[in-house]
Each structure stands twice: as C-alpha cells, then as structure tokens.
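According to TrEMBL, the protein has these features:
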{"type": "DOMAIN", "residues": "18-101", "note": "domain 'Prepilin peptidase A24 N-terminal'"}
{"type": "DOMAIN", "residues": "297-338", "note": "domain 'Prepilin type IV endopeptidase peptidase'"}
{"type": "TRANSMEM", "residues": "6-30", "note": "transmembrane segment"}
{"type": "TRANSMEM", "residues": "83-102", "note": "transmembrane segment"}
{"type": "TRANSMEM", "residues": "108-130", "note": "transmembrane segment"}
{"type": "TRANSMEM", "residues": "165-188", "note": "transmembrane segment"}
{"type": "TRANSMEM", "residues": "310-338", "note": "transmembrane segment"}
{"type": "TRANSMEM", "residues": "358-378", "note": "transmembrane segment"}
Amino acid sequence: MMRYQILNALLHFLFFFIGAGIGSFLNVVIYRVPRNMSVNNPRRSFCPSCQYHIPWYHNIPIFSWLILRGKCASCRSPISPRYIGVEAFTGIMFYAVLWHFGGEWDQIVQWGPKVLCLWIFMSLLIAGTFIDIEHFLLPAEITRNGTIAGILASVWVPSLQGEDIWWRAGVMSLASAAIGFGGLRLVVELGKLAFGRKKLNFEKPEAWSVTQPDENEPPIVTIGDDKIEWVDLFGMQRPTDRLLITSPSLRINDQNYTDVTVELYVETMKVLDAAGKVEEFNLENVTTLKGQATSVMIPREAMGLGDVHFMMMIGAFVGWKAVLFTIFAASVLGTLVAGFTRLTGRAQWGAKLPFGPYLAAGAALWVFYGIQVMSWYLTKVTGSEEF
C-alpha cells in the first residue's frame, strides 16, 4: 500500500512538472508570436539581451530561474519573473485538471483524452492571457488555430460539449463557436454605440502626426504627448470608424493647408476646408502627415476583435453555456478589479489591463466550477437549479 501511495505521489508530481515544461514552451510562444517570430527557429531558447543560446541545463522549468536567481547565465541581465510565473502557473493548472477530471490509473483510457484536451485548452488560455497583458492583442495563431483545435477536441471527446455522440458534439462545437463570436461581437457593437467616441478640446493647438517607423508595423498617431496605435483606433476594420481632427495648420506630403477638418479612416483620409471643398487621399500615398489640432474626436472600442475571436475559441472547446458564463464572469471580475484598484489608489493599473485575461479567467472558472456556480446563482435568483 505504501509503495502505491509513493508511486501515486510521484506520478502527480510528474504531471505537474509536465505542465511546467509546457509552460516553458508557452514562454517561447508568448515572446515570439506577437513579434512575428517562428516558435521553431531558432529551436533553442535565447536571451533577449545578448542572444545567448540557452543550454538544456539552464532551461529546466522553475529550477533554472531559481538557481540563476532570475538572471541570464551569460550576460547576467535580469530575466522577467513572468517566465517562472508562467511555468509554475501552467504546472498548477495541469495538476488541477488532472485532480478534477482524472481517476484511477487503470481507467486512464476513459478520462485521459478529456484531461489532454483540457490541458491544450488551458495552454491556449495562458498564452493568450500573457500576450494580451503585454501587447494588448490576441494573435490569430492562438484564437483561430485554437478554434480549430476546439472543434477537433469536441469531436474526439464529446463530453466537452455535454454530448455523447461525436457528430453532435462537432455540430455543437461549431454552433458554440458561432455564438461566442456573434455574442461578443454584439457586445462590442453595442458598446461602440454607447461609448464609441471620445472628444478632446485643447486651449492651445497641440502638435499631431501620423508616422510609421517600420513598414511592417501599423502607423502610430501622436497627439501632443500621447501616442495611439492604429489598431486601437481602427482594429475592427469598420469603414465608418474615423478619427476627426480640427486642424488650423496641416501638411500632407509637400502640400500645406490652413483651417481644415481632417477625417482619418482605416485606409483613406479626407480634408475639408471652410468653404466645404473636400480632398480625398489614399493613405498608402501619404508619406508626411502632421499639423496642429484644436480638437480631436477619437473612435473607441469596448474591446478588440481579438477578444471576439478568443470567445469563439472558448465556445469551440467548452460549449455555448460556457460562452454565456464566461462573458458574465469576465464582466463581474473586471468590475471587481476596477473597484479594488480604485479603493487602493491604483486605478491607472486596472485601466491598463485588457479584457482577454478576464475572459480566460471566466473560462477556467467554468471548466472547474461553472455548473456549480450557475446552479447556486440561479437558485438564489429564480429558485431553479437548471442551466
């Protein structure tokens, strides 16, 4: 009996360490994917500061970071605590999935596939969360490929969708992905109608410009001391979204204008003078764009298109009920965090946190305790436990 208990404990530790190893790979994904780098080339991890290729004995999950005291073995530059954090957190989540959904080892054929699929799901949530925190984006490599993985996983393990038959689970996964995409897209559009514009008026004219330091990167709009990325203005690719600038002086390429209104769209620009004359430009042909601004009307989004795709992936993996629960839970978590940061005087920190991490937290909560939470909530509100 003692031997079995020791073996069981070792196996549980092994699965935690497997999760930590996957977390080490997720760190590669988190660093490289938003920078348009291949996760396979170079194959070995490297120090971002000195490009030192890290040998295996300096790349052991959790332990290497602790032994090296969070510094590169070559140049001694600090290594972000995010690396050990992702490794430890992934290990914990892998173990939590095993603990919650696993069973007797002689029945691993029955519960193993579901655990494996949920490990993949948790890995996608973790990678998406940390990329979104650092870069305010959710790459299509995570969300769209994750949606495909979710559909395939549901066909393989129908219980992910609450079904017993593979083809019904596949249909439910597709429908849930559509509900996830459409439901959150509706929230985005309603938020756009309610909070879609922000107007700024300046006592004195402020300098503004649109620049593109790198042709492979989107343009940056500078207004006074503030810099706004193009994707934050036109990320939803709506033809009606516009940045409206009242400009007493303006320069476009080699032409100068005075007392005009500038309408910037995702691909074009209009210049209106006081007499009502309109000139239209294709932004691809504009190399210089700068001037002074007395007022600015900025388009705003309730959230980005990446969040919509993230929700599509969540629906594909765990179903339409999870979609509804995740949106609800993410909204509650966001409100609680905003309230906490205001009470503690850190409201600026809370305002800088994107919505993706809240969606991931809501989805993870659903996986472990979603049915119980919703049953408790519905019992309190309606007296019925059915969800």
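Keep in mind that glycine also has a Cβ here, set from the backbone N, Cα and C atoms.
Against the transmembrane segment (83-102), stretch 6-30 has more CB pairs under 8 A than any other of 6-30, 108-130, 310-338, 358-378. For the domain 'Prepilin peptidase A24 N-terminal' (18-101), residue counts in helix, strand and coil come to 47 helix, 4 strand, 33 coil, using DSSP. DSSP labels the residues of the domain 'Prepilin type IV endopeptidase peptidase' (297-338) in these numbers: 33 helix, 3 strand, 6 coil.
In the predicted model, the domain 'Prepilin peptidase A24 N-terminal' (18-101) shows an average pLDDT of 92.
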